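Let me give you the structure first, and then I'll get to my questions.
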Amino acid sequence: MSEGDSFFRFCGNSSIFNSSLLLDNSWPQFTECFQNSLLVWVPCAWLWLTLPFYLAYLCSLPPGSVIPVNLLNTLKSFGCVLLALLAGLELLSMQSDNEVEGVTLADVMYVSGVIKIVTFLLACILVQGERRKGIITSGILWIFWAMLFIAGIIPFYSKIIQKDYDKQLFRFSLYYVYYALIIVQVVMHSFAERLIRHGYDLVGEKPSPEVMASFPSRLTFWWINGLVMRAYRRGLKEEDLFELHPRDKSSTIIPQFQSAWEKELRNAKYKNRERVRQEERMHHYVSYSHSPSNPRHMQEGEVGETTSLLTNGANISKKADDRDDAKNKKVAQASLFKVLVKTFGADILKAWFCKLLYDGLQFVNPQLLDVLIAYTNNKANEAEWKGYVYACAFFVVAVAGSIFFHQQFHIGMTTGMRIKSACISAVYKKSLTMTNEARKGSTVGEIVNLMSVDCQRLQDMTGYLWMVWSCPLQIVLALTLLWGQLGASVLAGVAIMILLIPLNAFLAFKSRQYQKEQMTLKDHRLKLMNEVLSGMKVLKLYAWEPSFQDKVSEIRNEELVVLTKAAYLNAFSTFAWTVAPFMVTLATFATYVLASESHYLDAQKAFVSLSLFNILRFPINLLPMIISFLAQAQVSVVRVGDFLRNEDLDDTNVDYNKDAASAVSIIHGSFTWDNQVALPTLRKIDLDIPDGKLVAVVGQVGTGKSSLVSAILGEMEKVEGRVVVKSRIAYVPQQAWIQNATLRDNILFGKEYNRHKYEAVIDACALRTDLDILSGGDMTEIGEKGINLSGGQKQRVSLARAVYNDADIYLLDDPLSAVDSHVGKHIFQEVVGPKGLLRNKTRVLVTHGVHWLPMVDEIVVMANGMISEMGSYEQLLSHNGDFAQFLKTYLTQNKDKDDDDDPEIQAIKAQILERVDSVTSDTGASSGEEVSTSARKRKLSSESSKPGLKRSISKTDTVKGKQKDRPPQAKDKLVEDETSKTGRVQWSVFMVYFRAIGLTVTVAIFSLYAAYQGLSVYSSIWLSQWTDDDLLANTTLSNTTAYQDRNAMYLGVYGGLGVGQAVMVLSYSILASTRMVKAAGSLHESMLSNIMRSPMSFFDTTPSGRIVNRFSSDVAVVDNTLPQSLRQAVTQVFGVLSTFIVISYSTPIFLSVIIPLGLLYFLVQRFYIPTSRQLKRLESTTRSPIFNHFSETITGSASIRAYKVESRFIDENKCKVDKNLVFYFSGIASNRWLGFRLEFLGNFVVLAAAMFAVVTPDLEGGLVGLSVSYAMQVTAGLNWLVRMASELETNVVSVERLKEYSETPTESEWVVPGRRPPGDWPADGSINFVNYSVRYRPGLDLVLKGVNCHILGGEKVGIVGRTGAGKSSMTVGLFRLIESATGSIVIDRHTIDNMGLHDLRSRLTILPQDPVLFSGSLRMNLDPFDQYSDNQIWTALEHAHLKKFVQDNRAKLMYEVGEGGSNLSVGQRQLVCLARSLLRKTKILVLDEATAAVDMETDDLIQQTIRTEFKDSTVVTIAHRLNTIMDYDKIMVLDQGEIKEYDAPKKLLENKNSAFYSMAKDANLV
């Protein structure tokens, strides 16, 4: 007996399928066996087959919130039980009826009945199991119920048509009750359970609506409705958004990624360990000997602190580089790509599975078109229901395809988002931990570029990775089906596609090449831009903006050249891939018509083939995009991977041992900054610092003092020896690091606020008066890099942070050099000294102030990178060692400034031991300068009477009032939050872009594409006429001349239309691509020009990260994304118009559907675009803080590591990234919301076109094919149209943002042609302030009030006053960095307000407080305009005491300065600034606390040079150390913006009630 017979009997003598019963019938009738078996078994099989996997998933879930028993889950369970009972009742009823009738019930009924009962009970158990596990919605159960619902439709109509109610009313009724319960279950499972969130920590946080959404809501993106409605009604604000989905949060992703990356690194190290060791033995270029028997080849005395940095990478021998390259080729590296695949591969595969199903469904529609055309051609002989089923099938297949397509995109894009989050976090973490040597290869700008561009690119690429396999698959499937339609003729089309492969390869190669070039240039541009923004004040003071603007423009122009090449490549690519599908179609049809026996192309073959070619067009068009995408992605993966593979600081550099005998000990230590330099920076260091001691570190410039502190922190690479640190460290760097936060937050630095402790620290660090001056007190926001604090204030805040931190060991790198003398005394006594807050702590104080040395426990003397001496003050002065020489040099330098016959000086030179009193008497004058011989005598005699070294320091008159907590006021906020505009993007923004392209050219671009689209439409209409031609339909005439001529005519015109399309598309592509590059260049240039002309107030209130974001992300959008969006928007607009024209031409009744559909489309896009636009704006504004925070972190990385707060900063970065991703996630979710709804409406267009084809009588097959094939395109076309319109609007936001910074208020003109001063101006150098008042920004108080004073030409004037008195305001006013509110400044009879800023600034010289240098050659830093000869520059370097330093370097004047002058010490940087001043050597020199942050030796060098080189110039000095201005002609004392005293110092000192006398007394100068 055959299996078929047994199954026939199993089904009660019914076959499972009968095609004639189904197809040759007036209604779609299925067999009883089919209804009782497959329609029951398939849905139940789904539940049972997925059960093991689902149970495993449920068991893997951690214990969560149990959903309480509620109405919904109770009804679900009750419904399942009821259905099981109904199934049992139905079985009993059938058994009973059959017994009455004496008929045996078929076995299939028993089997299906039992299966249903057991499956419904299983569903009941799963409902309760999900409730226990906190599952709010179940896709498995929803699909099960939906399948039962769909399967039930066939029995539903069959029972009615067959009138079962006449024969078996009870069973008939029972089935409809059963089916109604199935529908109820589908509805109930379409709602999610309510999850109760426990814990107070979640109060106020809105959970992601996706988490709370049901399965169908997730399929249709219904859960984002609330956000879209809110955006439409009242716009979106940050607070309207919700938290990220838990799966997307950094806290979920980063541990997984980090674990995989660390494992990959370990694997790479494991593989390479032996190989690397062997190569190091053979090729190690530089080695440090650990044995005394292996003498060094360099004299140790030849190397100073900065030697390690002098090579700067440029001088590393080629031999070493070549060897490194060879080694890199052999040694395996950790692969970022592998890690990304391991971490995120499963999610990507999930998305790809959805895409695979979508691709399969795509090819169903051409088959449906085939049967629909066949149906319309043979309508008279076909059952009417078939046409409606075919039409509905188009709709059902399309909706299913939409679901899979959008799920694929949603999963892919959110996975990309997670990849971006992981990569940004990894880059951020690496930037905190990488070695100083590695950091030299990556500037802040380059790393920001990694985060803003490369990580973003990885995110974008992930959502489209499916193109790699999906496009080839679609091509293969399409060609297979085409073969079935046209046979071997399709090979002609394949031949053309094969010919395109070499073109493909060429495009891929060039695209990758241009991509690399562009990214390299972009890195350079952003690096320079970052430096320009950091040093903007210096650029303005020197009038150097044009030079640096030209440098940025030069790099930008190189970038535009690459972009133009890429544009031509892109134009050719667009031409090739737009024309390719038509050429393939033409070649195939021509071959078929000429080669087939009938020579006839009928409508079925033509339009089914055309619909397949349309499907084929998509993957072929995507091929160049794939190439570009993969090239970009590969470049980005390599760049991020290379960065992440940088070496980290070695944790073993410092051993932390709480049981150590000493607080800090270094045993036989050698340390280096650069492995390429043969000799370590620090050598033979043996240091032991006991608990609770105060140790001073002294030495000349470049001897390694700061490096010693860095070695204790573990910042330097340890070559040999051991560093042991007992407990927690607090660190005060030489250059204070200030965060963009409130002053209080800067001090607390993450610690809890303790009012009593905080107030004590404020007073001890002399910040009380500053808090009274600041408008918001300690809640005043401090600008980026402490822009609104003076150097002294910054250093005191930095010190206060350390003191508040309450560590055990304090490393203080010269914190007192930047503060006023009297404040220095106060801080030493209240904080550092034996009676200070830190008296019981271990303190290491690097200092240049010799007056502190008698009060320290031990002194460490550094010389040539080694500790030359150690001991107490007395011990070191007991012999003529390095320390004694150090003091001797110090006093010898003072000899020139004092009377040579001074007996005290002679006595001190004779007896070093008696030098204690003279040094300690010099509290106020760090440099050791004295006012006069008599002053020195007075001080020596008074101090000699004091017992030993226990000197008393007078307290500063700090106001002792308690700081009241007060909320920050509006005007206290220095850095305004970045604004994001609301509402529609103004048409004017589009016009800005179109004008940048050129209005005429824009019209031409649109016209050319319209012409192309017109030719394309006509070619399709021509094809329908061809296939419906009556002569050609008569194939018996195929061999006649008339027949062949008609075919040739149709073919020729069809080919000619193709050539016309090719010409139009090529013209359009070249014009659009090249002019959009020009537009990008124009917009960048406009913004750059405006930024360079912006006043300093703009930079004070705008974080550089925000500006860099415009120059990186927004410029990248205008360079690459916006042109693509505009081209695609144009394509879709004309494509959709042409589709409606064709369908209306084919079936005019379709016009009745266009209006309601058009209205629906309009409504959907009206809802969507405000959401998308606002989310894009908010996403842009939340991106800037990531880069600001990052730049800030890089600058303060040493402090962050010293305080061991890396994890807190990493967490802050995660929070900022998560906040940004909330907006991005909402954006992609709203995209999917739009896409699904548009496609759903588009599917109605297909349904309408198919239905009208069915109901319209006597419609030609060609017109049906034309109408429906175009309708199938409209779904995607309309979807892309609205999306591209939206994307165009969201991307044009970048133009809006560039436009915003192109229109910010600017300074006055740089040059005013009619008001230029004479060429020799100022010849005299006289300065006259006439009733001069000034404020920093509108709305703020005046900082100078009615100042009147006259400075004669050649006079030396010192300006003194407390912090906030207005000293610096005098200088910024003189240079017009801020404009006067009232009054004027007159220089040599010329009012400066009337002339151009550059005419003014270029004729004055300033030596600023912060020595700002730029990366580039030393020569460029001195003379960016190339105005001076090399001889003049060498002379300036000689007078600035830098000639030897530069000559000793191989590169000489072309020596490469690191970013911010990182490879020079602070003193050397200030000397370079001095050399700048000497080159200009104008009649007016301004010193803005120029020596505040340098050691006494550099201070002496600068003061000597100024006295000799500027002896005929007017010198205005903002004094930090009073002793430096005691020999000046005049002293100006400022207080609260007014001149209190202005006279010769001698006269001011004679008046013991004068403010200046009080200051001099505080400084122990009188």
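Note that Cβ sites are derived from N, Cα and C of the backbone, with glycine treated the same way.
As listed in TrEMBL for this protein:
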- 38-59: transmembrane segment (TRANSMEM)
- 71-89: transmembrane segment (TRANSMEM)
- 139-157: transmembrane segment (TRANSMEM)
- 169-188: transmembrane segment (TRANSMEM)
- 353-632: domain 'ABC transmembrane type-1' (DOMAIN)
- 387-405: transmembrane segment (TRANSMEM)
- 464-484: transmembrane segment (TRANSMEM)
- 490-509: transmembrane segment (TRANSMEM)
- 575-595: transmembrane segment (TRANSMEM)
- 644-889: domain 'ABC transporter' (DOMAIN)
- 919-934: compositional bias 'Polar residues' (COMPBIAS)
- 919-977: region 'Disordered' (REGION)
- 957-977: compositional bias 'Basic and acidic residues' (COMPBIAS)
- 992-1012: transmembrane segment (TRANSMEM)
- 1003-1290: domain 'ABC transmembrane type-1' (DOMAIN)
- 1048-1071: transmembrane segment (TRANSMEM)
- 1149-1169: transmembrane segment (TRANSMEM)
- 1240-1257: transmembrane segment (TRANSMEM)
- 1327-1561: domain 'ABC transporter' (DOMAIN)
For the transmembrane segment (992-1012), find every same-chain residue at least 6 residues outside the stretch whose CB is under 8 Å from a CB in it, and list them.
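Result: 578, 1061, 1064-1065, 1067-1068, 1071-1072, 1075-1076, 1078-1080, 1082-1083, 1122, 1130-1131, 1134, 1292, 1295, 1299.
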With an 8 Å cut-off on Cβ pairs and a sequence gap of 6 or more, do the transmembrane segment (169-188) and the transmembrane segment (38-59) reach 3 or more such pairs?
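They are not in contact.
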Other than its close neighbours in sequence, what residues sit by the transmembrane segment (1240-1257), given a CB gap under 8 Å and a spacing of at least six beyond its ends?
372, 375-376, 387-388, 390-392, 394-395, 398-399, 402, 1143, 1147, 1149-1150, 1153, 1157, 1160-1161, 1164, 1264, 1267-1268, 1270-1272, 1274-1279
Are there residues at least 6 beyond the ends of the transmembrane segment (71-89) whose Cβ is under 8 Å from a Cβ of it, and what are they?
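Non-local partners: 113, 116-117, 120-121, 123-124, 127-128, 131, 174, 177-178, 181-182, 184-185, 188-189, 191, 193.
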Can you name the far-off residues of the same chain, 6+ from the ends of the transmembrane segment (1149-1169), with a Cβ under 8 Å from a Cβ of it?
228-229, 231-232, 984, 1140, 1143, 1230, 1233-1234, 1237-1238, 1241, 1244-1245, 1248-1249, 1252, 1256, 1267, 1278, 1282, 1285-1286, 1289
Who are the chain neighbours of the transmembrane segment (387-405) in space, where the CB to CB distance is under 8 Å and they lie at least 6 residues beyond its ends?
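The answer is 28, 219-220, 354-355, 357-358, 361-362, 364-365, 368, 371-372, 375-376, 379, 1235-1236, 1239-1240, 1242-1244, 1246-1247, 1250-1251, 1253-1254, 1268, 1272, 1275.
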